[in-house]
């Protein structure tokens, strides 16, 4: 049975009033598919793994055969009808707590929290829960449901006055005084673990970071001393020496930043992602992305997959101070031998999550050369930055045709049309030009600055902003000017651009113009975001006095 929408309608007569937000306990989407339940193991003979790519920030309630609520313990992979089941890493709230935030984790490849996101939870009157679930960044992820034990079916209503339901060790009594929920031991002093605590069903376990192992007490960690101990923490080969040891990777793989894990090399370009997988890993397998029409191409030694940020099922999301683009490479046995001579297979399935991260905050520079004598003004050529923006100089206020090869000719006080343009037009994102300032040199930290935009507000009355159909593009008009002094013959523009999720009502982009008097109000502050400076020019231009 497909999910259905339960809505409560509110009719008000008389004078107009402000809109009333519906209580999520009475306005939610039911998730009732049997395959969501934690008892449902993935059987690909009955169909491909499932994915919650339709989930997109709405409120949901688990009902029917899906279960009563989300599990609060680690679910093994290949359950809930998918490869990477998603569970709630935290206890359910009480009714008086209102809406709370919890971490949701996806289990895969032996890691109970290989991927995580933040969801919202509310306890409703009647003893059930509703969840505001975010869209997973990659497939195959599914939010799981679970049937919790009933301690005594006859224990209901006033029976609590005469007797008390008791739950098994590792579980606690729920707000309905009847259901036994899993106890999250990790919420109390991290379960006594010195590093990582993983909540399990009716229990928990301690884990250690890469290159470290548990001591005999099962709670504290120690450094790996050599290859004889857990292979040195290396995912593949461990090479010992008199001075210690180091991890090595098979040909075609690269060592990740933790210096212990080997991974497939991924090239994050400004408008595309490229994955090169050694053929030894994929012999006999056919590789494809989330959109199965996007497939790998073999060059004899590697299988190459090239895809853009808005095709092949790529999911682009804003996570903290980064823009994250994700996809999943899946390898399944070929139906017939390939032209490259693959007659055998050594694995039944290959799954490679692919992620590229880009900073949210950018500083983009562009320059021009003003002429005091009202003779032609030459605009410096544009400079590309890293994903996702460039600063373009346009020919008119239609902002459709930027100057490409031929430089424009302008005079002082003529109109200069410039704009922030995304390299790739990705839906679900929006931008805010937080500041734009001019300098007489290409240095961003130049002492002499003239602000056109500051704190998201136009600070020069001569600046005009135009509306754009694209949430990421911003267009402006300003009269051409120069700095005082005969030596100041160049002007450079620098713009700080911030990227946000278009549905995030508390983001810095949603706040817009942010005067200093408003700082400290609720919502996101871009001061804590990691920024990246994109250098541009200058291109030297002959100057005639």
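Cβ coordinates come from backbone N, Cα and C, glycine included.
Swiss-Prot has this to say about the protein:
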type	residues	note
SIGNAL	1-22	signal peptide
CARBOHYD	89	N-linked glycosylation site
CARBOHYD	116	N-linked glycosylation site
DOMAIN	182-222	domain 'EGF-like'
DISULFID	186-197	disulfide bond
DISULFID	193-206	disulfide bond
DISULFID	208-221	disulfide bond
DOMAIN	261-516	domain 'ZP'
CARBOHYD	291	N-linked glycosylation site
CARBOHYD	299	N-linked glycosylation site
REGION	518-545	region 'Disordered'
Recorded positions clustered about residue 89 (N-linked glycosylation site) [Cα within 10 Å; pool: 116, 186, 221]: 116, 186
Residues satisfying Cβ distance under 8 Å from residue 116 (N-linked glycosylation site), sequence separation of at least 6: 89, 103, 104, 105, 106
Spatial separation of residue 197 (disulfide bond) from residue 206 (disulfide bond) - C-alpha basis, Å: 5
Cβ neighbours within the same chain of residue 193 (disulfide bond) - under 8 Å, at least six residues apart: 186, 206, 207, 219
For residue 208 (disulfide bond), the three-state class that DSSP assigns: coil
Protein Cβ atoms within 10 Å of residue 208 (disulfide bond), excluding its own: 20
Densest Cβ neighbourhood among 89, 299 (glycosylation sites), 10 Å radius: 89
Cα-nearest neighbour of residue 291 (N-linked glycosylation site) within the listed recorded positions, 197, 208, 221, 299: 299
Secondary structure at residue 186 (disulfide bond), reduced by DSSP to three states: helix
CB contacts for residue 206 (disulfide bond) [other CB atoms within 10 A, all chains]: 21
Entry from the disulfide-bonded residues list 186, 197, 221 having the most other CB atoms no farther than 10 A: 186
Number of Cβ atoms other than its own within 10 Å, given for residue 291 (N-linked glycosylation site): 14
For the domain 'EGF-like' (182-222), the mean pLDDT of the predicted model: 88
Per DSSP, three-state class assigned to residue 193 (disulfide bond): coil
Residue 197 (disulfide bond) and residue 299 (N-linked glycosylation site), Cα-Cα, nearest whole angstrom: 44
Euclidean distance between Cα atoms of residue 221 (disulfide bond) and residue 197 (disulfide bond), Å: 12
